[in-house]
Amino acid sequence: EFLRCKENRDYVQPQLHTGGPAFSSTGSVAGKDLEAEREAYSNAEWTERVEKWKMRQEKRGLVSKDDGGGNDQGEEDEYLMAEARQPLWRKVPMPSSRVNPYRIVIILRLIILCFFFRFRILTPAYDAMPLWGISVVCEIWFALSWILDQFPKWFPINRETYLDRLSLRFEREGEPNKLAPVDFFVSTVDPLKEPPIITANTVLSILAVDYPVDKVSCYVSDDGASMLLFDTLSETAEFARRWVPFCKKHNVEPRAPEFYFSQKIDYLKDKVHPNFVKERRAMKREYEEFKVTINALVAKAQKKPEEGWVMQDGTPWPGNNTRDHPGMIQVYLGSEGALDVEGKELPRLVYVSREKRPGYSHHKKAGAMNALIRVSAVLTNAPFMLNLDCDHYLNNCKAAREAMCFLMDPQFGKKLCYVQFPQRFDGIDRHDRYANRNVVFFDINMKGLDGIQGPVYVGTGCVFNRQALYGYDPPVSEKRPKMTCDCWPSWCCCCFGRSRKTKSKKKGQGSLLGGLLPKKKKMAGKHYSRKGSIPAFELEEIEEGLEGYEELEKSSLMSQKNFEKRFGQSPVFIASTLMEEGGLPEGTTSSSLIKEAIHVISCGYEEKTEWGKEVGWIYGSVTEDILTGFKMHCRGWKSVYCCPERAAFRGSAPINLSDRLHQVLRWALGSIEIFMSHHCPLWYGWGGKLKFLQRLAYINTVVYPFTSIPLLAYCTIPAVCLLTGKFIIPTQSC
């Protein structure tokens, strides 16, 4: 095991914050948010908005007209409190004028298909039976593919979010900020193929996100153990001390400097700060100097020394052998020792490179993401995680808040496994010759799935519920008890009086035991005890046994031993899985957490556990994203498709044909791998909680590569017919 700390040039290396829950009790900025909301409207607009609210209240009988001469400030405060109680989002069905014609066309085509196949099957070409048979089989396959593609689009919807209500509810003035912490994951493999300057821009956009800094942590996974990326993050952390306050002071978008400075728009629009132009020029000059520094690191990395890379302190770089190296963790930002130029705290930035040894299967990106899950659970344990590819930056600084409108909903949020954002790309030519925009998929198919059980996971731009990735089942909504009456005798079977009284009595007994036993949560067919947002065990209790518990609790707590078989031999990580609201176990220290984090990224940690099978990103396919989302939907979780007006994320698309073909080939191979595995949607999870139309959509994702075979055969048939003089349709003789 290895832990390497590197001193930065201009500030002392910070220490990790530990010893307390992840939900900080620092002061809120809600007062500023309320003022900003009011300032967003003119006086007349704000007065009109309050008056409309008063009229609605009068219609409901909550306010009388005689109360009109009251305190205006009190009315405004009451209005804001009423706004805070409103839903954080709403579902917007597609207009029937757009959807119904589409549905009618589908039904008409289906009727025509039935008549077509009736004709094709009942009128065979006896003189060319092989050609006729092949053509009919191909046509049946095309029809099934069309059905699989069309019917999941039957219920398309849109969703709207209300960020002002989110602030009013969770960022109240004079109270602790109650927004949930978020861990950001950035994955990269080879910095020579994935330019470090692009990764640096992604990290900078995350560090400047519009979210409380004490609730943001950025983890960068370096699966290539590259010293180039290590040094790049060191320079990025230093530049972030100036870039982050500039973004928040002037509210610039996007907050990735490469793309902000390259915008061909009027950057002075809506800017009123007198020093903005001067500070922008200075920041652009500093960014150009930063780019020169990164380019120098890239040029240096082109030729590897024979003795291997050496760090600035003279010690050899542990990752010189990319296939045989120890685990490495470096914390750059996130404590009192690493503040920005204005003296304010910055989000935590953590470099992670998991251990690799010969003879172990590392499972590519899925294995790297699972390592990030465990490291983040030990160091910060935020209840939500947002994963990005290294070439996808935050184009909308409020993207995390958009996701929180769904995930922090008191009812709906508990059943959500993830919130998926659409992928948008830069650098696409006007004609989109390589179809990188994927308009049909992201703007039609995904909205259709959102009306069923939720969109599929597409690998990036997704905010996860940590509990869903741990393999837990979603909470089951309790049904309301049916109304009963005592107007009939107990022996009368009409009202089932006796049986209902017996059930209520048993229910009362169960509630008594429920008060004594810890709450249970279902996971993979078993019940595991859970105690809300506090640690279920002290570390000593996990290690030493079950002493100190009552006999009534011991039978329930015995099942905790199964957690080691499921999650691995880490008491700190096991304790973190039992904390639904996130946070860290009490009594831990910085050094102990770092050592535990190194332990959970060791190459042998996942052996004889359920990582990659039921927990985390699922192994077995290069398209681990589809497989992971499919498993969660089979457990009954729902997902949401969030399309804010300003794109949440933007990435880099393939700019040449070879890269595009390689990407499409990888997707096709991943779909075939899923089809050949026991996770194939054709037979996996029947009798579970996956909705039928959702299953059709997943079946379509794994069978579409096979369409190339009947397509090739069907295109060959006309040439064969011309050469042989035989046709697939019977000819009529005169």
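FYI, residue positions are counted from 1 along the chain as it appears here.
Every residue, even glycine, has its Cβ placed from backbone N, Cα and C.
Model, not experiment: these values are computed from the prediction.
Straight from TrEMBL, the features:
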type     : residues                               : note
TRANSMEM : 100-119                                : transmembrane segment
BINDING  : Ser187, Lys193, Glu194, Asp223, Lys364 : UDP-alpha-D-glucose binding site
ACT_SITE : Asp223                                 : active site
BINDING  : Lys365, Asp389                         : Mn(2+) binding site
ACT_SITE : Asp625                                 : active site
TRANSMEM : 706-729                                : transmembrane segment
Same-chain residues at least 6 beyond the ends of the transmembrane segment (706-729) with CB under 8 Å of its CB atoms are 123, 125, 127-128, 131-132, 134-135, 137-139, 141-142, 145, 672, 675
Tell me the Cβ neighbour count for Lys365 (Mn(2+) binding site), meaning other Cβ atoms within 10 Å of its Cβ, over all protein chains shown. 19
Over the residue list Ser187, Lys193, Glu194, Asp223, Lys364, recorded for UDP-alpha-D-glucose, what is the maximum interresidue Cα distance in Å? 16
Given a separation of at least six residues and a C-beta threshold under 8 Å, show me what packs close to Ser187 (UDP-alpha-D-glucose binding site) in the same chain. Ser221, Asp223, Lys365, Ala368, Met369, Leu372, Asn387, Leu388, Asp389, Cys390
Between Glu194 (UDP-alpha-D-glucose binding site) and Asp625 (active site), the C-alpha gap once rounded to whole angstrom: 20
Additional residues surrounding UDP-alpha-D-glucose, by Cβ distance to the Ser187, Lys193, Glu194, Asp223, Lys364 centre under 8 Å: Thr188, Val189, Asp190, Gly224, Lys365, Ala368, Cys390
Please report the distance from the Cα of Lys364 (UDP-alpha-D-glucose binding site) to the Cα of Asp625 (active site), rounded to the nearest angstrom. 12
Densest Cβ neighbourhood among Lys193, Lys364 (binding-site residues), 10 Å radius: Lys364
Whole-number Å distance separating the Cα atoms of Asp625 (active site) and Lys193 (UDP-alpha-D-glucose binding site) is 22
Residue with minimal Cβ packing [other Cβ atoms within 10 Å] among the recorded positions Glu194, Asp223, Asp389, Asp625: Glu194
